[in-house]
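Chemist: There's a structure below that I have some questions on.
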Amino acid sequence: MDPSLSPVSIHYAIKKETWRHTVVLSFQSLGVVYGRLSTTPLYAFGSIDPCHIKSGQQIYELFSFVFWTLTIIPLLKYAFIVFKADDNGEGGTFALYSLLCRRANVGLLPSDTSATEFMHQEEGTPSNVKVESRARRAIGRYKSSHYLLLLLALLGSCLIICDGIFTPALSVYSATSNLRRSLSKLAPRFTSSENARQSVDKYLKRFIPVPVACAILVCLFMLQRYGTNRIGVFFAPIVIVWLLFISGFGLYNIIHHPQILWAISPTYMFRFIKKIDITSLKLLSNIVLCIAGSEAMFADLGHFSKRSIKVTFIFLVYPALVLCYAGQAAFFSKHLGTSDDVAHLSESVTHRHLQHVFTILSLFASLVGSQATITASFSIINQCQALACFPRVKVIHTSDKVRGQVYVPDANWMLMILSLSILIGFQDISAIANATGLAIICGMLVTTCLMSLILALQWEKNGVSLSVLFLLFFGSIEALYLSSCFLNFTKGAWCIVVLSLIFMTIMVSWHYGTIKKYEFDVENRVTVDWLTDLSPGLGVSRVPGIGFIHTNIVTGIPSFFSHFITNLPAFHQVLILLSFKSLPMAYIPKNERYLIGRIGHKEYKIYRCIVRYGYRDHVRDVNDFEDQIISSIGEFVTREERHDESLIVQEGRMIILGTNGNALVPIVGGESCQQVTDIENQNPTHTKRKKVRFVLPESSPKMNSSVRKELQELVDARESGTAYFLGNSHLKVRKGSNLLKQFLVMAYDFLDRNCRETPIGLDIPHAALLEVGMVYTI
């Protein structure tokens, strides 16, 4: 078993959420999670060409689809079913994949298999041990199912990122189009000439929708650096006013046209399906936009809480949207054919002055509407990177209270550039809506497939039956919408397929290269005996100080360090082999994060430290990381003799430790100025850090002399300085390899050379860094 994932109890203690906290999070979630769902009325009906509507009765049938789709997908599927499959409060495609990794032994990461065994052992008390189900055996037995599940998880992640590209363009462009229509209606007040009005309308179409939308998008993405908490507080009042406004005039239209309430009956849907043809089927690709943002509800779960998101949707967002769509459909059906813009939401606001208020409000609401998918994209990229499925990017945690709130600068600017490119390239709301609809429904289908597998594994007796029912019920509805979206493939939907393939290529190649590097390291590692017994024959000398050797393997000595010793026969008085191991779970508690062990005899002073982290943890970018490691090793030395707290592994005894040891006493001195690399512009900068020194505690009868001597040697080595050894390896494909392997290795090598370097992620001072270059031929 991988020692980094030993059968030791790991539980993340989640404090009980109070109703006061729920209300605060519900308020903030309106500005982040529900901005997307709240602004769907801007383009759900608005992207429909009125020429494709045969009669007012067909609008009633479409509203029936809207009502039942809103009820079945976001309310029933997500709020009441999928939310129960959270991973310690985290949601999204990778949260579902994480659950499958632990329950069905389907992980492909180097530590996934042991992680699954560890979780089973943790849960394997006599009261809940169960015979392994046939579903678990079937999924875990076949390697092809492991690859399929990983590809599904990556596909879902790619679609959420694509949604984060298209949604800002769609929502903002819809609002600026409303602004253009509102300004066109003001033209007759200033001129009575028909030619002049046509000329003004022509210039408005050219200079208002796209340029203004681009300016708003740039401002939106520049705001992301302030974090989810601040953005949520700022955006939440806008969403509340927006929901009250659109539900208010929706109710007004319902009062004037109460017949629309009959369309709630599902018989209208069946009537539509009974006489369906290609033209009417295409209309459903527009209707699916009414649930845009449902997947973001689940993906943004880690930014808030399950209860706050559910309460907000059930008691505010859902009823407001139903009233708005009912009123819009009632107005649309009664005024069909009167105007080319009758399908747009702004037209159903009958009061002239309120139309201008609506235009201004829709601009702000569209800004908020893009936030949910942008935030979800940050969360997904953070999860993918933690599980070795995305190139190295800088992740900034914007809140100390809610650990899931992250900002990814590299991804932010990438999303902005692609969103602007989509807007400028298409300049057509229907084409952007077609692409967005395909991304939405494909992402939901992925969630349905993964959730059905979790249901099969969760309930041993009736799990398979529940899984099949879940898949058939929700899958058939989503398959209907998917078929309608593919009919618009040549009208914009193709762009989603292209972008998804690009992101999938990036993720698959990075994952493939990471796995191959790990396998090469394992196959070419050297034993500890080589370093301790054979190295004296090579004339190796020990120099004062501490050497941190960063390696992916958790047993043996990495090949790059043996390569270094062979060419430069010297290493430090104290060696610490440092490994980072991700677990397919959200968080690892601080008091159970480090696994410390000794390599060889005590006189060698060689230690191994395995840092375990979840896909939501941020352990690599803390300034006092080195101090925590030294403190943990000191704690290990004092507790080493306690057999009841240790774990016997191949190289010796290892102990689970946290960051609060008291074996060494830290003393904060002055400030040291170190040259590190700036996060944003990659330029070397001088950063001031608190200088921490360690001293031994006062003499204690519990501490024997040998332990005290070893701790003093550790303190002296720290005072002499530290150095970091990193293997800077590159992959090279063997001659005669197949084309697919050559392509994946070339793609990984390109990404590895052009993404952020590892020292930046570890915040290592450049003066203390030593990189050893190697070429791996696979």
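Using N, Cα and C of the backbone, Cβ positions are placed for all residues, glycine too.
Straight out of TrEMBL:
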- 26-532: domain 'K+ potassium transporter integral membrane' (DOMAIN)
- 62-83: transmembrane segment (TRANSMEM)
- 147-173: transmembrane segment (TRANSMEM)
- 207-227: transmembrane segment (TRANSMEM)
- 233-255: transmembrane segment (TRANSMEM)
- 276-299: transmembrane segment (TRANSMEM)
- 311-332: transmembrane segment (TRANSMEM)
- 353-372: transmembrane segment (TRANSMEM)
- 406-426: transmembrane segment (TRANSMEM)
- 438-457: transmembrane segment (TRANSMEM)
- 463-481: transmembrane segment (TRANSMEM)
- 493-512: transmembrane segment (TRANSMEM)
- 550-778: domain 'K+ potassium transporter C-terminal' (DOMAIN)
Chemist: Taking the transmembrane segment (406-426) as reference, which of 207-227, 276-299, 463-481 has the most Cβ pairs under 8 angstroms?
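Modeler: Selected stretch: 207-227, with the most Cβ pairs under 8 Å.
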Chemist: Could you check whether the transmembrane segment (207-227) packs against the transmembrane segment (233-255) - three or more CB pairs closer than 8 Å, residues at least 6 apart in sequence?
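Modeler: Per Cβ check, the transmembrane segment (207-227) does not touch the transmembrane segment (233-255).
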Chemist: Could you tell me whether the transmembrane segment (276-299) and the transmembrane segment (438-457) are in contact, taking contact to mean 3+ Cβ pairs under 8 Å with a sequence separation of 6 or more?
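Modeler: By the criterion, they touch.
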Chemist: Hey, does the transmembrane segment (276-299) touch the transmembrane segment (147-173), meaning at least 3 C-beta pairs closer than 8 angstroms, sequence gap 6 or more?
Modeler: yes
Chemist: Counting Cβ pairs under 8 Å that sit 6 or more residues apart, are there three or more between the transmembrane segment (353-372) and the transmembrane segment (233-255)?
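Modeler: When sequence-distant Cβ pairs are counted, the transmembrane segment (233-255) touches the transmembrane segment (353-372), since at least 3 lie under 8 Å.
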Chemist: If I count Cβ-Cβ pairs under 8 A between the transmembrane segment (233-255) and each of 62-83, 276-299, 311-332, 463-481, which range comes out on top?
Modeler: 311-332
Chemist: Which residues, given as numbers and ranges, are at least 6 beyond the ends of the transmembrane segment (463-481) yet have a Cβ under 8 Å from it?
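Modeler: Hits for the transmembrane segment (463-481): 69, 72-73, 77, 81, 133, 135, 284-285, 287-288, 437, 441, 444-445, 448-449, 451-453, 455-457.
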Chemist: Could you pull out which residues elsewhere in the chain have a CB under 8 Å from any CB of the transmembrane segment (311-332), counting only those six or more residues past its ends?
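Modeler: Beyond its ends, the transmembrane segment (311-332) has Cβ neighbours at 22, 26, 29-30, 33-34, 37-38, 40-41, 44-45, 56, 59-60, 62-63, 66-67, 70, 74-75, 79, 243-244, 246-247, 249-254, 256-257, 259-261, 263, 290, 297, 342-343, 345, 347-348, 350.
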